[in-house]
Amino acid sequence: MLGGLATFIARRARRILVVAAVFVAVAGSFGGPVVGLLDAEDDFDDPAAEAIRAHDALLEATGAEPAPDIVALVRLGARVDTPTAQAKLERVEEILRAAPAVAYVNVPDPESGTGISGDSRSAVLSAGFEAGAPRADAALALQAELERVPGVVVGGAVVAQEQVGEQVSEDLARAEMLAFPILFVLSLFVFRSVVAALLPLAVGMTSILVTFALMRVINEIEPMSVFAINLITGLGLGLSIDYSLFMVSRFREELERGSSTPDALRATMRSAGRTVLFSALTVAAALAALIVFRQRFLFSMGIGGALVAITAAVVSLTLLPALLAALGPRVNALSPRRWQVALHRDAAQERAGFWYRLSQAVMRRPGTIAGTTALLLILAGVPFLRIEFTGVDAGVLPAERSARVVSDALARDFPGSGRTSLYLALDAGREDAAAVAEYAERLRELPGATAVTPEPEPRGDSWRIDVVGDAGLLDERSRALVRDVRAVEAPFDVLVGGFTANFVDQQASLAAHLPVALLLLCATTLVLLFLMTGSVVLPVKTLLMNLLTVSAAFGVLVLVFQDGRFEDLLGYTSQGALESSQPILLFAVAFGLSTDYGVFLLTRIKEARDAGLPDDEAVAVGLERTGRIITFAALLFCIAIGAFATSEVIFVKQVGVGTALAVLIDATLVRALLVPSLMALLGRWNWWAPAPLARLHARIGLEEAGAGAGART
């Protein structure tokens, strides 16, 4: 199939390039604005969770948001009881009440001290919007007007969401500006030709723009998260570089052997092209497992990640071959003589290179090497056992953002403001007043409940009770309070909402859907690797090695971000925990990429074995002929995805660092040491499959007819 596609492309290369140029221009103009069309609102919520249903019930009953949307921090410059301070507070209150979308305003209470700082020189006012109001637009308009008043800083949930979206866009532009020049310079060294070095960047930009266009279409059907743009950019660029490196290296090798351009292209597509196809399928399958989660953040990451993996493969198997066909030997153009000599040396397929010698050394002591490497990876993963989770709030933003300024000031200067606050939606009417009062009394008896305040009367058939706890929003004591409140029996239906309740529900939702996602991820990986290798041992072994890689990366993330190491170097402030969905996202991404590099190596080992080489020799030859490529592919990928370590949003930074770590671990310790040592230990059993499955593979295995057994990927 791929050989036929290569013939078709070789005959029509120039026409394909013209059509591709038009298509990319259209995709760029249509997909380019997608960043501004996506947002971060409610990205981490499960729409079916009890806390969300409590929010919706009170929103419908009262016509207003149950919790404030916007918070104005007013630095008074004097004590709150002075005329100057009072005038400023009245001005801020006037602006809030005059806004058409505002349903209610909470003002400071001098008697109780609510909303007044410990030194009485700052105060906060908050407001909730009406049901159906354009919350983002209303919040931004209010922020612009309020911050004209000297000393006023505006934050709150809606402002924080908007600022996270803005920050993601800024981070994306900075990451691209940082990554592209570095990638080009490194590509010059790797490809040893200016022309060849430009090809991965062209494939990467095309893949990203096409995926942006597809995401814009999908967003019209199902709203997508703005955070998916970061993954699409980093993953699209990284995978495109990987695929281009394997395709271009194979094409140049065939040219060095004396093949004509069409023949070289056919050989490339039959070997490296097949590897690229397998790789894209495994990465897409791993990320598609995220679609089972109800959180828009993970769902969007699954859609965007799977799309960009498939798109990168399609572009690498269509546009890139057309470019190679049009260039022919000129793919090596603008290459200094020193680089040309290196190219000839690479194409010689000598069995005395560094990777060949390393593999032979490893396989002489396979048990020791395998045990030591596995132990190191397990030890690196041990810190993951003490992981703590947190939610997404203004704390993920850089310190200078107004929402973060307000959040930090509330926690630092306003006693009690950081305590958990729950709102309960009771399905009760006026006739249930006595039962509501009795229920409120039982709530007051709960440990950790410092205030229980029922509303004087219901709104329709919904009665609200507010419960204030004595601990921080996400402390275990506050989470226990949520569970205790939900356990109290009532003669009517009760829904518990609020930030803490929402976090508890998020944790439960992630835990409930995680087994299904893991099952899908592992099953698709096992099936695809079986179809590629015909073995049941190699897929299981790959699965176990991927788990070691991912656990080691997780352990390092805990040591760095949870424990607060390298804060100045990486430019972040530790939250003492990781955002709940990040380990799941990182698992899918890192697992897919580990399989990706495993496919590259296993394909070459299988080809060498199919050519008649003994098992140990096939492993050594496979590692020699892919070791340099995999290492440089991993390095370039780390630059592409690691650029997001510069993000000012902490969990985006975690994705960049975590993915780069996983790729480095996999491309070094796993592929260089663990794979050859385990291959040597298992010998011919690596390729074992029960007779029925062997017959099944003979019928449906994904083999490219006519691919040379000795072809290099």
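Backbone N, Cα and C atoms are what each Cβ position is placed from, and that goes for glycine too.
What TrEMBL says about this protein:
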| type | residues | note |
| --- | --- | --- |
| DOMAIN | 47-368 | domain 'Membrane transport protein MMPL' |
| TRANSMEM | 172-191 | transmembrane segment |
| TRANSMEM | 198-218 | transmembrane segment |
| TRANSMEM | 224-248 | transmembrane segment |
| TRANSMEM | 275-293 | transmembrane segment |
| TRANSMEM | 299-328 | transmembrane segment |
| TRANSMEM | 367-387 | transmembrane segment |
| DOMAIN | 480-690 | domain 'Membrane transport protein MMPL' |
| TRANSMEM | 510-531 | transmembrane segment |
| TRANSMEM | 543-562 | transmembrane segment |
| TRANSMEM | 582-602 | transmembrane segment |
| TRANSMEM | 629-651 | transmembrane segment |
| TRANSMEM | 657-682 | transmembrane segment |
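Among 172-191, 224-248, 510-531, 543-562, 657-682, 657-682 has the largest number of CB pairs under 8 A with the transmembrane segment (582-602).
Away from its own ends, the transmembrane segment (172-191) comes close to residues 35, 197-201, 229-230, 233-234, 237, 241, 245, 248, 632, 635-636, 639-640, 643-644, 646-647 of its chain (Cβ-Cβ under 8 Å, at least six residues beyond either end). The stretches the transmembrane segment (224-248) and the transmembrane segment (629-651) meet in space: the count of Cβ pairs below 8 angstroms, excluding pairs fewer than 6 apart in sequence, reaches at least three. Restricting the average to the domain 'Membrane transport protein MMPL' (480-690) gives a pLDDT of 90. Within its own chain, the transmembrane segment (657-682) has Cβ neighbours under 8 Å at 234, 355, 358-359, 362-363, 365-367, 369-370, 373-374, 376-377, 380, 537, 541, 545-546, 548-550, 552-554, 556-557, 560-561, 570, 582, 586, 589-590, 593-594, 597-598, 601, 605, 615-616, 619-620, 623, 627, 630-631, 633-635, 637-638, 641-642, 645, counting only residues six or more beyond its boundaries.
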